[in-house]
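Trainee: First the structure, which I've put down as structure tokens, then a few questions once you've had a look.
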Amino acid sequence: MGFSFVTNAAIAAHMPPSKQEIIRRDAKFHPTIWGDHFIQYLDTPIDPPQKVVERMEELKKQVRAMLRDTNLDISLIDWIQRTGIAYHFEEQIAETLKHVYEASTLTTDSSKYLEHFDLRHIALRFRLSRQQGYHASTDVFKRFMDEGDKFKQSIANDIEGMLSLYEASFMSVKGEAILDEALAFTGKNLEATLPNLTGSLAQQVECALEIPLRRCTDLVKARRSISCYENKNGRNEVVLELAKLDFNLLQAVHQRELALLTSWWNELGASTNLPFTRNRVVELYFWVLEVLSKPEHARAREIMVKSIIMASILDDVYDVYGTLEELQLFTSALERWDLQALEQLPNTIKTAYSIVLRVFKEYEDLLKPHEVYRVGFARKALIPYMNAYFLEAKWFYSHHHPSFEEYMDNALVSCGYPFLFLVSLVGLDEIATKDVFEWAIKRPNIVVAASMICRNRDDIVGHKEEQERGDVPSGVECYTKDHGCTEEEACMALQAMVDDAWKDINCELLHDTSMPKAILMRAVGLARIISILYQYRDGYSDSTHETKAHVTQVLVQPIPL
């Protein structure tokens, strides 16, 4: 497990200095808060201690036996998924949830069968079925509603039932009024009840109200859930111990990958040669890790994290550093994609271009001969991404204020997610076929939805700082101007689009899709990380608050055993 970074000779040539001084913008990004912290893990053994491996195998054997039990309480599956160890038992869980769905939906006496379950179990069965890709019906909740299609006030006293229904409501697709009502009802009542709760239930409600399970990334969810489960009465000690050991084992792997990545970044020289760019190597690794979190994703992580570091550099070149003339030359050079273009570029732009060429060369070095065709798709996805950046630069220099529609048409590309989704597939195994890349390059619906979530959340929490820096109008300003509304109303409208985009993602993940779930889940991961990084602020540009806390929990502090 781990990365195998390659190094190439730097391409260095210098243009004579311009006779006319150019005034550059300064975004005043804070320096890295991690520095070379993770270098210390370079000497971490690649293989975990044999005693840990043997203990984990014994625990996994016990969990498999539990999953074969016909009297299994599906709450155990829920906690196995929450605590991050479900990837060890995917086949057994899939088989169990298939039976759960069929018993709840396809049997002739399914309604009578479900009468034996309370609200907590009904909502849990619904959520787990939808998570598995089954189109479970919302009719199962009707017996908890009154004649006015409102939830009965009596269930407000059932905190576990309300929490389960609240989490289930985030599995909705468009047009499901019952789940919309469920979210409004449970959200209001859980917020009112939270101050009176204690213990594990209080932890669960607090975490759910902050980030529901559907929108939370795998490793943040696992860390939080292990803490909640440890305080829960009736917990399964085997599951708890396995979850702790697994989390710490993976954390050690990720720390070593970050050590290699930090060395690669230092050798790249971007902090010295491109000092205006953000050094967010650790934060970007965290971003990618929550998209590609499984151990077998090591190669895919390496390719994607190099890509997102490159994308961040390019973002700052277009958004902060470059003049319109320089950016025209740069964009044209990227479109031509040849070394000769380097000679026509100013020194700093040349450095950025050499990084792009290097990263794409490293793609090829990491891929097998029959996989190298994937690099062409990545290059094809990069060009419209850079053209979208260049259009925003033209807006900036011409003082153009786009309409909201014009802004969004470009922003759904300039957010970078169509490119990042495609490169998240480049390092995957045989599941990423040529047909998958042909599909991904066309910006499918699930990628558009993830892009909407990324763009709108970034604009909602970061537009004020962007305007203070003198950036082009964000979606908030464009919407406000088009609709003659307040900033608060514009933010509410953009958040409604985010919620609708999540419903689109849910719809795409139901079983009638033609793409493997393992491919689609990369888009889900991209959407989820936005819930973490852009919840209260732009947690990428300013990573000193919540982002630092998340990184610390996931990548620095092991779980006490």
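Using N, Cα and C of the backbone, Cβ positions are placed for all residues, glycine too.
Sharing the feature lines straight out of Swiss-Prot:
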type    : residues       : note
BINDING : ASP315, ASP319 : Mg(2+) 1 binding site
BINDING : ASP315, ASP319 : Mg(2+) 2 binding site
BINDING : ASP458, GLU466 : Mg(2+) 3 binding site
MOTIF   : 315-319        : motif 'DDXXD motif'
Trainee: Are there any residues at least 6 positions away along the chain from ASP458 (Mg(2+) 3 binding site) with a Cβ closer than 8 Å to its Cβ? List them or say none.
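Mentor: Set apart from ASP458 (Mg(2+) 3 binding site) by at least 6 residues yet with Cβ under 8 Å, we have CYS415, ILE530, TYR534, ASP538.
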Trainee: Calculate the distance in Å between the alpha carbons (Cα) of ASP319 (Mg(2+) 1 binding site) and GLU466 (Mg(2+) 3 binding site), and round it to a whole number.
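Mentor: Answer for this pair: 10 Å between alpha carbons.
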Trainee: Which whole number is the mean pLDDT over the motif 'DDXXD motif' (315-319)?
Mentor: 96
Trainee: Under a three-state reduction of DSSP output, how is ASP458 (Mg(2+) 3 binding site) classified: helix, strand, or coil?
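Mentor: DSSP call for ASP458 (Mg(2+) 3 binding site): helix.
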Trainee: Within the chain of GLU466 (Mg(2+) 3 binding site), which residues six or more apart in sequence place their C-beta under 8 angstroms from its C-beta?
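Mentor: Expected: SER474.
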Trainee: Looking at Cβ-Cβ distances, which residues of the chain lie under 8 angstroms from ASP315 (Mg(2+) 1 binding site) while being 6 or more apart from it?
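Mentor: When sequence neighbours closer than 6 are ignored, ASP315 (Mg(2+) 1 binding site) has TYR389, GLY416 within Cβ distance under 8 Å.
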Trainee: Looking only at Cβ atoms, how many others are within 10 Å of the one on ASP319 (Mg(2+) 1 binding site)?
Mentor: 20
Trainee: Reported in the order helix, strand, coil, what are the DSSP residue counts of the motif 'DDXXD motif' (315-319)?
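Mentor: Each residue of the motif 'DDXXD motif' (315-319) counted once, the result is 5 helix, 0 strand, 0 coil.
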